[in-house]
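Only one structure is covered here, and it is reproduced in the block below.
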Amino acid sequence: MGLVRIMGPACCHLVLLTIFILVASPVQAADPDPLQDFCIADLSQKSFFNGYPCKDPTTAVVEDFIFKGLKDASIISDESPWGAAATLAFARHWPALNTLGVSLVRLDLIPGGVIAPHTHNLATELVFVTAGELYIGFVANSDDVSAPNKLFAGMVKAGEAFVIPRGLVHFQMNKGTINASTINFLNSHNLGISFLPLTLFGAQPAVDPALLARSFAVDQTALSDLAVFWSPFSNVFV
């Protein structure tokens, strides 16, 4: 007996209407639209929302909307595992961005420096190179039948830009002989960062070593060495 006869015409029409509404609805590809002109984050509050609670808008001043942290290159520590530094302008660093759906990052890399493979599950990223040149790329999803695990990467020079689709594994490396820097634009005020080395080898508590050893076809001694190396850097670029 067919589905229509089991459910009845009225119920079937309701199911079809529901499917149509879901298919026809626009896909939410970035942060939701704000409901007010601005919502400067009150970082002192401990309430949990999809964002931060707003401070009283009558207390806002022009200085709230100015961020001065991206002007100068970061001093890269000799202890940096990657030879790179990031200056972040997310909502927690620049409260005026709260609910506005945008954020900024400045990256500085010494020759040979890298931004290790990572993802932003909540944002598309646009990398604008301001000095030097960088090898930048991302890998398409493994289930993309048109280009499974295809690498899109190339050299990007000062004055040029590279776009990285939302959620894909991507990276940067300074292959030049001088320091390189970028300003990165993202369409989320809190984009989410997951560095693969830190996520897998620096998790607290640790991911089961047997699982990682089997996944990467290495012995557990190598896994232990990686875990020891990465554990001090669990808060890098936070």
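Positions of Cβ are set from backbone N, Cα and C atoms, glycine also.
A TrEMBL annotation is a machine prediction, not a hand-curated record.
Of the cysteines Cys12, Cys39, only one is given by TrEMBL as the disulfide partner of Cys54: Cys39.
Summary of the Mn(2+) site environment: with the site residues His118, His120, Glu125, His170 set aside, the chain residues having Cβ atoms within 8 Å of the Cβ mean position are Thr119, Ala123, Phe138, Ile164, Leu168, Val169, Leu191, Ile193.
Cβ environment of Glu125 (Mn(2+) binding site): Val163, Ile164, His170, Asn184, Phe185, Leu186, Leu191 lie under 8 Å away, each six or more residues apart in the same chain.
Cβ crowding, taken as the number of other Cβ atoms within 10 Å, peaks at Cys39 among the disulfide-bonded residues Cys39, Cys54.
Distance noted between the C-alpha atoms of Cys54 (disulfide bond) and His120 (Mn(2+) binding site) is 25 Å. Every protein chain shown contributes to the tally, and the Cβ of His170 (Mn(2+) binding site) ends up with 21 other Cβ atoms within 10 Å. Over all protein chains present, the Cβ of His118 (Mn(2+) binding site) has 18 other Cβ atoms lying within 10 Å.
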